[in-house]
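Novice: Before anything else, here's the structure in question.
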Amino acid sequence: MRCQDVLQFCQKLVRRRPLKPREGSESRLARCLNALDLVALGVGNTLGAGVYILAGEVAKDKAGPAIVICFLVAALSSVLSGLCYAEFGARVPCSGSAYLYSYVTVGELCAFITGWNLILSYVIVTASVARAWSSAFDSLIGNHISQGLQGTFSLYMPYFLAKYPDFFALGLVLLMTGVLVLGARESVLVTKVFTGLNLLVLGFIILSGFIKGDLHNWQLTEQDYNLTTSGPNDTYSLDPLGSGGFVPFGFDGILRGAATCFYGFIGFDVIATAGEEARNPQRSIPLGILTSLFICFLAYFGVSASLTLMVPYYHIDPESPLPQALLHVGWAPAGHVVAVGTLCALTSSLLGNMFGMTRVTYAMADDGLLFRRLARIHTRTHTPIVATLASGNLAAIMALLFEFSDLVDIMSIGTLFAYSLVVISVLVLRYQPDQHLQTNESTEDKTEVSEPEAGPLDSAPEARDSETLRTLCDPMNSTPTLTSGRIVYGCTLLMVLLLTALSLVLAQWPHRVFSGDPVCTTVAVLLLVLIAGVTVTIWRQPQSPTPLPFKVPALPVLPLLSIFVNVHLMMQMTTRTWAQFGIWNAIGFVVYFGYGIRHSLAGNTDPQPPASDS
């Protein structure tokens with residue numbers, strides 16, 4: 001009896017939600033967003049204040065003028081995840097983003113972990129963006145706000161909190177919460193206005209760089225550096241700042257810069273959270289994701305090119321790169337334009353993150369994994385009002401009390417983990433049989449199992465083993481079956497383990513691997529051989545012929561490459577970051593096993609939707 005209880009418990013952890021939307025869910029949120037709205041939401045959330053800071057930081061210390069290549073590499077790696085989000089948006093037109101995608105594919109426990117970490121990421125980003133908005137505005141008015149608050153509260157704040165409570169950031173988050181309560185159309189309209197202003201400012205910066213820039217700044221030498229240094233020492237070496245030229249820090253600098261630039265493209269997934277509010281989600285979600293990534297790449301590419309053309313890379317101010325660059329070329333008043341663009345970018349990013357935060361919270365509550373009251377919908381505005389107010393107030397309190405420099409890496413791990421699960425879900429789902437065929441196929445499997453074997457008893461296991469081995473490389477069917485689907489499930493799990501092991505080896509002992517150390521090199525080569533073998537096995541399995549408005553090309557290579565990039569970036573995090581990540585997930589397990597596993601609608605055959613507020 002105990003074994004049966006354990007089996008039932010394990011089955012609850014991997015139960016999956018159907019692909020089709022739940023009955024009655026279509027009318028609960030208003031389908032009012034078109035493709036342009038989704039593009040504005042994605043660009044506004046992705047192209048935040050990082051475009052005004054990130055280029056300077058990477059160009060000076062990591063890549064120099066080759067930062068344009070860094071953003072190209074980062075954009076291509078982001079597109080790998082974006083393609084998978086686009087296919088799932090075409091398959092599952094509901095709210096929830098990566099949480100929902102993993103729920104319909106991998107199972108309930110993984111879905112809860114994904115959604116739980118997405119909520120953490122959104123809360124941290126929302127609060128930190130609000131703090132950044134407050135700081136940027138404060139600097140424009142002479143730092144009067146911070147000086148007054150710090151002088152009043154700094155002596156009473158515990159060491160683990162911020163130096164002073166930021167009431168301005170608190171009010172800003174509460175104001176944006178009020179905008180979200182008004183409705184999806186109204187909040188996206190505000191996002192479109194600020195995103196449009198931000199793009200105009202970025203266009204002005206790019207045009208300024210091409211007008212006032214000097215192509216010689218992409219061909220600098222040590223002699224150029226020596227001529228610009230002040231002081232009696234004319235033999236100062238360029239060694240700490242690279243070797244000059246277009247790629248002063250070499251190929252390693254491009255890779256390190258691309259890893260940093262990758263985080264500049266995080267945020268496009270907010271489009272997938274609006275699946276239940278898009279008018280034509282099967283078309284507009286893929287179009288919105290890919291278009292927003294392309295626009296963001298053009299903006300990052302143009303700004304970084306203009307910056308390195310206007311100023312030699314070793315003279316870039318990483319704290320304020322664009323205003324100082326405009327000052328360098330004699331356009332100091334244009335720095336005010338940059339300040340306006342920064343505030344617009346922060347505003348659109350704040351609204352976008354809060355939009356995604358509320359929709360993921362609503363989706364988890366609607367499935368019963370979080371408290372069901374969070375899924376209440378306002379009858380007039382058709383917004384998840386309780387989820388909006390609850391998550392908005394939480395982010396506001398965190399913006400009031402905390403500094404977030406130490407929590408950014410946790411946000412990155414949560415986002416990369418979600419990206420990886422979406423890619424895994426796309427890879428697995430493409431090789432599964434259609435749901436309406438599964439019942440017939442399972443019946444056929446049972447019939448085949450019940451038939452007696454014609455041969456000797458001792459030869460039956462050998463026949464089954466040989467048939468299984470033959471199915472791995474030479475499937476008998478041209479369409480997916482339950483057997484081929486299980487093979488892909490197993491191979492994908494093995495592939496994730498192999499890619500994690502390879503990323504760990506490359507992250508911990510990169511010099512040993514590439515210098516020819518016999519042990520590390522042998523392990524890396526062996527892992528690559530196994531990865532290639534598993535990839536071929538997945539590739540040989542039949543794919544689902546179901547037509548979709550968008551499909552990820554080059555399966556299984558592109559998804560596996562995306563998983564490797566995401567896992568490798570996660571391996572760069574510190575032990576402290578992983579410990580904090582573990583503590584947050586331990587809290588999540590308490591919530592899931594204390595509430596979610598018992599109230600999940602996946603285990604309820606007759607779920608009742610939560611009541612709407614009037």
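Note that Cβ sites are derived from N, Cα and C of the backbone, with glycine treated the same way.
Automated prediction, rather than curation, is the source of TrEMBL annotations.
Sharing the record's features from TrEMBL:
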TRANSMEM  32-54  transmembrane segment
TRANSMEM  66-86  transmembrane segment
TRANSMEM  98-125  transmembrane segment
TRANSMEM  167-184  transmembrane segment
TRANSMEM  193-211  transmembrane segment
TRANSMEM  254-275  transmembrane segment
TRANSMEM  287-314  transmembrane segment
TRANSMEM  334-362  transmembrane segment
TRANSMEM  383-404  transmembrane segment
REGION    438-466  region 'Disordered'
TRANSMEM  487-509  transmembrane segment
DOMAIN    550-600  domain 'Cationic amino acid transporter C-terminal'
TRANSMEM  552-571  transmembrane segment
TRANSMEM  577-595  transmembrane segment
Novice: Under 8 Å, at least three CB pairs between the transmembrane segment (334-362) and the transmembrane segment (577-595) (pairs 6 or more apart)?
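Specialist: Contact criterion not met.
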Novice: On the DSSP side of things, how many residues of the domain 'Cationic amino acid transporter C-terminal' (550-600) fall into helix, strand and coil, could you say?
Specialist: 39 helix, 0 strand, 12 coil
Novice: Under 8 Å, at least three CB pairs between the transmembrane segment (66-86) and the transmembrane segment (487-509) (pairs 6 or more apart)?
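Specialist: Stretch pair does not touch.
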Novice: When only pairs 6 or more apart in sequence are counted, do the transmembrane segment (193-211) and the transmembrane segment (32-54) reach 3 or more Cβ pairs under 8 Å?
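Specialist: Since 3 or more Cβ pairs under 8 Å link them, the transmembrane segment (193-211) and the transmembrane segment (32-54) do come into contact.
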Novice: Give residue numbers and ranges for long-range contacts of the transmembrane segment (167-184): same chain, 6 or more residues beyond its ends, CB-CB under 8 A.
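Specialist: Counting only partners 6 or more residues beyond its ends, the transmembrane segment (167-184) has Cβ contacts under 8 Å with 29-30, 32-33, 126-127, 130-131, 133-134, 137-138, 145, 149, 190, 274, 277, 350-351, 354-355, 358, 378, 381-383, 385, 388-389, 392-393, 395-397, 399-400.
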Novice: Counting only CB pairs under 8 A, let me know which of 254-275, 287-314, 383-404, 487-509 has the most with the transmembrane segment (98-125).
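Specialist: Most contacts with the transmembrane segment (98-125): 383-404.
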Novice: In the same chain, which residue numbers or ranges, 6 or more beyond the ends of the transmembrane segment (383-404), come under 8 angstroms Cβ to Cβ?
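Specialist: Sequence-remote neighbours of the transmembrane segment (383-404) are 29, 119, 122-124, 126-128, 130-131, 161-163, 165-167, 169-170, 172-174, 176-177, 180-184, 354, 357-359, 361-362, 365, 373-377, 613.
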Novice: Which residues of the chain, 6 or more past the ends of the transmembrane segment (487-509), have a CB below 8 A from one of its CBs?
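Specialist: Same-chain contacts beyond the flanks: 424, 427-428, 431-432, 471-472, 517, 520, 523-524, 527-528, 530-531, 534-535, 537-538, 541, 560, 563-564, 567-568, 570-572.
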Novice: Where does the mean pLDDT land for the domain 'Cationic amino acid transporter C-terminal' (550-600)?
Specialist: 88
